[in-house]
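Notes follow once the structure below has been shown.
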C-alpha cells in the first residue's frame, strides 16, 4: 500500500482537526473547572467567616432562602451586595475584611448566569427577610451548595451551562 501525497494531506488534515477539537473541548472544560473551584472557595470563605461571627457587626442583612429556580444568580448578587462588616475587634479585623472582600469578587461567569441577568421576575434584594450575620452566612452557604449541585447536574445531563 503506497501513500500518495493526496492521502498524506488528508491524514494530516484529519489529525489537525482532531487535535484542534480536543484543544477546544479542554479549554471549555477548564472554564467549568474554574467556576467550580471558585464556588467551592466561596463556601470555604463563608465557613471561615462563620468562625468569626461574633466579630461581625450584628446588623440584620437580606438573606435569600428557598430561592426560586432560575433566580439563583440574582440571590447570589444580593448576598454579595449585603453590607457584612467587621466590628473592628482587634486581631481578627484584617482576616474578616479580607474574607468579606473575597466574597464580593465575581466568580467566572456561566451561560446560565448570563441568561439569568435578563430575568425580571426574580425578587429584589429588599424583599428577602433580614437575618443576623450567622444565619445570613448559613443561607449564603446553602445557596452556593445549591448552585454547585445544579451546575454539576447540568454537566452530567449534557446541557452544559458553561
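Even glycines carry a Cβ here, placed using N, Cα and C.
Record features, source Swiss-Prot:
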DISULFID  71-122  disulfide bond
DISULFID  78-125  disulfide bond
CARBOHYD  97  N-linked glycosylation site
REGION    105-126  region 'Disordered'
SIGNAL    1-24  signal peptide
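Of the recorded residues, residue 97 (N-linked glycosylation site) and residue 122 (disulfide bond) place their C-alpha atoms 29 Å from one another.
If you measure from the Cα atom of residue 125 (disulfide bond) to that of residue 71 (disulfide bond), you get 11 Å.
Between residue 78 (disulfide bond) and residue 122 (disulfide bond), the C-alpha separation comes to 11 Å. Within 10 Å of the C-beta atom of residue 71 (disulfide bond) sit 16 other C-beta atoms, taking all shown protein chains into account. Of all the disulfide-bonded residues listed (78, 122, 125), 78 sits in the most crowded Cβ setting, with the most other Cβ atoms within 10 Å. The Cβ of the residue listed as 'N-linked glycosylation site' has 13 other Cβ atoms within 10 Å, all protein chains considered. Residue 71 (disulfide bond) carries neither a helix nor a strand DSSP state and counts as coil.
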